[in-house]
Structures are given as structure tokens and as C-alpha cells.
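J.: Could you have a look at this structure, given as C-alpha cells, before my questions?
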Amino acid sequence: MGERDDGLGLSLSLGNSQQKEPSLRLNLMPLTTSSSSSSFQHMHNQNNNSHPQKIHNISWTHLFQSSGIKRTTAERNSDAGSFLRGFNVNRAQSSVAVVDLEEEAAVVSSPNSAVSSLSGNKRDLAVARGGDENEAERASCSRGGGSGGSDDEDGGNGDGSRKKLRLSKDQALVLEETFKEHSTLNPKQKLALAKQLNLRARQVEVWFQNRRARTKLKQTEVDCEYLKRCCDNLTEENRRLQKEVSELRALKLSPHLYMHMTPPTTLTMCPSCERVSSSAATVTAAPSTTTTPTVVGRPSPQRLTPWTAISLQQKSGR
């Protein structure tokens, strides 16, 4: 066994002194392609000089070995180069930077689209606010008879603070009496009543609107209660009729029970009615007994039998 250092790397050679065979060298250090090729040429020249008779047989072996050595050395060199150079961190960052630049270019190239999107968002917000304001106006109209009435009740300040109309007892009494006479007022009546009560015409109109709404609501509640009572009565009557129908069906299925049943209705009369009915019966019975004459001495007609008719015919023939 021998060791040799050519200056290109540490190499080990295994050989046998007795048998003159080509030695197998193991390269333990990463070598460059030029060093490996030079070492391979040196080894090949040495083997050719020492053993010229076995060139043909050994050439194939050296070719396979050289190809394997070249592959392994190339892989090692690539790994070593990557290790020495380090990891390329800027590769992914460059791709991300390219994507960011493309996005910025797209935004810069289409300013009209950005402006249109912003204007569309503002338009949507304006529409939503307008819808909310319309709903609030409808709610105020349904509660107090319209926004105009609320402004008039506030005193025309327009500050948005709603104040309930306060009426004195005399004003409320006059309004109630007028409402009993006329549930609706024409413009002349409205102005006259407002001047009489020291109110505005719009306030009088709103009061009448609210009073009509309350009256209608009360009337609806009364009608609902009446209909509810009618529905309860009809339900009870229907239940009773269903019970009678079921009883009649049971009687129809069992006819032998008719004899044992009591009459469905029994009539009772008061004593005075019984005396009147008994006296009327006696009065009608007395003339019938007096007016029937009895005939004495006249034989009652008798019915002839067929045998008597035959005997009479025989007697007349003799």
C-alpha cells in the first residue's frame, strides 16, 4: 500500500507488489476538472509505460472509471461552488419586486379606473344616505301627520327639535266639540277655528288628522272584539252540532235503541195555560154531544153477504 501527494489533493492508491496490476486510486478531496483530467492522464501514461501488453484490456476499465470520476468530481465541484458562493437570497426578492413594479405600473397606467371607482363609491354612499332620509321622513309623516306639521308645531324655527303641541282645557274642549260635529274641515272652517283658538291652521289640521286616526283605531279594536265574540259563539255552536251529528249517527247504527230513548224535547205548560186548554176542550165537546140526534125505530142498514144475495135470487125465481 502506498501514499502519494501530487499537489492536487490527497489520493490513496491500493496495489499489490507481487501482481503488476493497475492500482485503484481514491480521490478524497474535491478537485477541479482540470486537476482530475491531469491526474487521469498522468495515471494513464504511467500504466502504459509500465505495462504495454495490457493496454487494450485496461483501456475500457479506465474509460468507465474516468467517466465516473468526472461525474462525481463535477457534482462535488457544483456543491462546493454553491456552498462557497452561498445561497442566492436575492432571487425570490427580485421576483417579488417585479410583481410589485407591475402592480404599480398597472395602477399608474389606469388612473381613470381608480377615479371612477372612487366616484362610484361616493355615489353609492349618497344614495344610501338619501334612502335613510326618505325612510325617516316617512316615519315622521306617519307619526305626526307630516314634516310640515312638525315644523309648524316647532314654531317655524327649523332647528329640528320636535315639541308636542300643548293645548289648554278650553282649546281641547272646543276641538272635541267641533270634531263631533264635523270630522273634516274645509279651509274656511279651519282658519276660523285656528283664529278662535289662537293657533295656526296647520296645527288644527294635524290635530284633526291625529284625532281621526285615533277614532279609526278605536273603531277597529271594537270591530275586532265583536268579531272575536262572534267567532267564539260560532265555534261553540259548531261543536254542539257536531256532537248531535255524532249521536244521530250512533242511533242510526243501532236502531233497537229507539224504544229505550227518552223524547228529545218535552213541553211543559203553566197551570193557567192548562186551565184555559181544559175549559176550551169541554166547550167543544158539549155541542158535539147535543147536536147529534138519535133516530129511534129505524133499522140500521146491514151489509148483505153473498149467501144472502143467492138466497134472495132463488126465492124470486120460484
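Keep in mind that glycine also has a Cβ here, set from the backbone N, Cα and C atoms.
If you look up Swiss-Prot, you'll see 160-219 marked as DNA-binding region. Marked as compositional bias 'Low complexity' by Swiss-Prot: 8-17. Feature annotation from Swiss-Prot assigns compositional bias 'Basic and acidic residues' to 128-140. Annotation comment: Swiss-Prot describes 1-23, 128-165 as region 'Disordered'. Annotation comment: Swiss-Prot describes 227-248 as region 'Leucine-zipper'.
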J.: Which value does the mean pLDDT take for the DNA-binding region (160-219) in this predicted structure?
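T.: 86, rounded to a whole number.
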J.: Summarise the DNA-binding region (160-219) by DSSP state, stating how many residues are helix, strand and coil.
T.: 43 helix, 0 strand, 17 coil
J.: Per DSSP, what is the residue tally for the region 'Leucine-zipper' (227-248) in helix, strand and coil?
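T.: DSSP classes over the region 'Leucine-zipper' (227-248) add up to 22 helix, 0 strand, 0 coil.
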